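Database features, via Swiss-Prot:
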{"type": "TRANSMEM", "residues": "1-21", "note": "transmembrane segment"}
{"type": "MOD_RES", "residues": "326", "note": "phosphoserine"}
{"type": "BINDING", "residues": "440", "note": "heme binding site"}
């Protein structure tokens, strides 16, 4: 009779021992960056990192300088903190750094989607065609129509729309942007009321998933939470299924073109459903939170609100509703609103905190701007965290923690693009969308929908904080590195539709 308990116990001890030994054996080689493995075998600094990534990196930067390698859960990450040294990493002309490998593992875990060879190229090709330039006009019009539907209702404003209403600003922004974005990308039926109800249900489930997302990525969920994540994944796959899409019209060409490529490659419908879930997350996970910060900053800075409204009146004229049922805005006018552009760029500088990751494909040399050369080890992950190293650098952005609506404007009122560090012009003065091969392919659509929503709110609505003295809330530290930050608590505000002739 085989005693499986002792056998499995010995096997487990052997595996854990091997993993710990691997961490203990790693030593810094000549010319490699400073190595900080932490005090816990294999785990290294993982728990401290996950608790508050920003504070951890500040500490490591102060201890080791502009480049260092840390152990996080058995994996070694080399962080480069000098933005003047980002160029070779982001250009990577010889393709010695791989973004796709890490991304494919992440989307499989989070969305259940198993990437096909060429997916990254396919997504960028479709995005270039439909989310930039002339191809973006169709989607922008759909977004305006759906913002009208979500914000004004299927029959236009109700008789009491001009009465004050109260809500949480974060929920309000996230809810509206998500529903309008979802309907613009995945289409509608003939029943607008039902479309809104379904979009509302999808958003409620999306928020449940969203709240667990950081701990899900780090595998820190409890047993019941793992079950809940599995349930939510199945629900999204069903609600976004290609089968259900047959009942809808107005699905964006961006989505239909990519699904057509997947079908031609023989991808099963069930996997296409998971692809749709991934696209929903990629397109809607950050826009709502970003507009929350934008409107909050405008509400806390009356001079900024005044400047945006004056620009809107100058460019668009008086705000009006078409047939009293939808917003009448020429979306192309957004291209002539540098003050609004600066507000959004400043909001992204303060609120967007993604981590850029590249897998080191082979041992190689990284030359820093200082001239110092460091050896990178095959299998390690090279990481950039621009929020700390760029957005919060007082040399690049004086008073970096302060919201300045005109930070990205020249004295003449045009867009400011010249920023400097140590007297040298810096190309990457903000990086909210990532950069290089991993730059967000949908950034132009995302920026348009955010600007459009903010514009509609400040021109068609009166809005004010319930408590004018309420401070800007601190961010939720668990979300560092995952795109746009979210507040640690809600902010209450009031709004009402302005009467129009």
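Just so you know, glycine gets a Cβ as well, placed from its N, Cα and C.
Counting only residues at least six positions away in the same chain, the Cβ atoms of 433, 434, 446 sit under 8 Å from the Cβ of residue 440 (heme binding site). Taken residue by residue with DSSP, residue 440 (heme binding site) is part of neither helix nor strand, so it is coil.
Around residue 326 (phosphoserine), the same-chain residues six or more apart in sequence whose CB sits under 8 Å from its CB are 144, 145, 148, 149, 152, 156, listed in sequence order.
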